[in-house]
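Before any comments, here is the structure.
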Amino acid sequence: MARTPERRVRTLDFAQFCHGEPSSSHGFCRELVDCLRSLGFVKIRNHGISGEEIEKVFVMNKLFFSLPQAAKAKAAHPPEANPHRGYSYVGQEKLSRVKDYEKGKRSIVDVYDIKESYDQGPAVDKLYPNRWPDKQDIPGFRVVMEKFYERCHQVHQDVLRAIATGFDLSPSFLTDLCCENTSELRLNHYPGVHPSSLRKGAKRISEHTDFGTVTLLFQDSVGGLEIEDQNSPGTYFPVSSERKSDMIVNVGDCIQRWTNDKILSTSHRVVLPEDRDALIKDRYSVAYFGKPSRSQLVSPLREFVKEGEKPKYSAISAWQYNQEKLVLTYGGDEEILVPKPSSSVCTGVGQLQ
């Protein structure tokens, strides 16, 4: 797949939305939607999460993945898709299997992803409790992670309000679809490797789209993140961060489905450096994956389907959609069980049946 260095992801100031005058706030929302429509990605500064908070979670990121394998395995993700919590070793996930999911295709070739990860949900989730490492192995880990999760949850809600406002909808239009908190926070570590040890076709993460609403990403300066140019399918260009506090926001599949492709979930990947003469450095990132309520449908909403236009997606719950992709990612054929809706699950807004 080709690469092009010409394109750039725009950077917006979130303070305009949170603290600006009404005209400035609304202008930000329109520009945000324009960025997401054109690239599916945007960088945001002054988002409300301090540099100190971000640095703390990166410290915990490095500490966790530097633990002995036996210590990380105490919080192990199961071999199958569920519960999607805890530590996944290098090669356990295979995102190449879900690359063409929306096209009704399933990849028969597994691409080896060179990363390990740790997944966490909300502090209270009766269906999927979090899996924590032992306190004595990494003191303070749980406190830092739970606090950072809550900070990201707040920003996720604000971003959804800004997107809705940019479409001239009620600010709560999208947050009403996410009233049950099921989002996930992930630590990623891409181990340093010597080029001679790499498998053919290996990537740090294969081409994929994110499953949920929007993703909030923080990354170090090592580089490697690339996104697909929507005007030139198959062509990717790099997205770097000048500092860890830069928050990269990208649209997930659920927003694409709700808007009937008015905003697209852009394919992205993490590649290895082209110059492989020396040891390839470790890379670290932190991602918050916003998710809808589990019982919420992720089919097109009437607010985004013009008269005479057909919905492009059939009705499916956010839960089932997420599970189908997870089962492919972890390589299992387990049955997808739909949970009973909790009393807090919202009923949906303007859903086309």
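Each Cβ is built from the backbone N, Cα and C atoms, and glycine gets one as well.
Of the listed candidates (His153, His156, His189, His268), Swiss-Prot assigns His268 to the same Fe cation site as His208, Asp210. All chains included, 20 other C-beta atoms sit within 10 angstroms of the C-beta of His208 (Fe cation binding site). Taking all protein chains in view, 22 other C-beta atoms sit within 10 angstroms of the C-beta of His268 (Fe cation binding site). The domain 'Fe2OG dioxygenase' (181-292): residue composition by secondary structure is 9 helix, 43 strand, 60 coil, according to DSSP. Cα spacing between Asp210 (Fe cation binding site) and Arg283 (2-oxoglutarate binding site): 20 Å, rounded to the nearest whole number.
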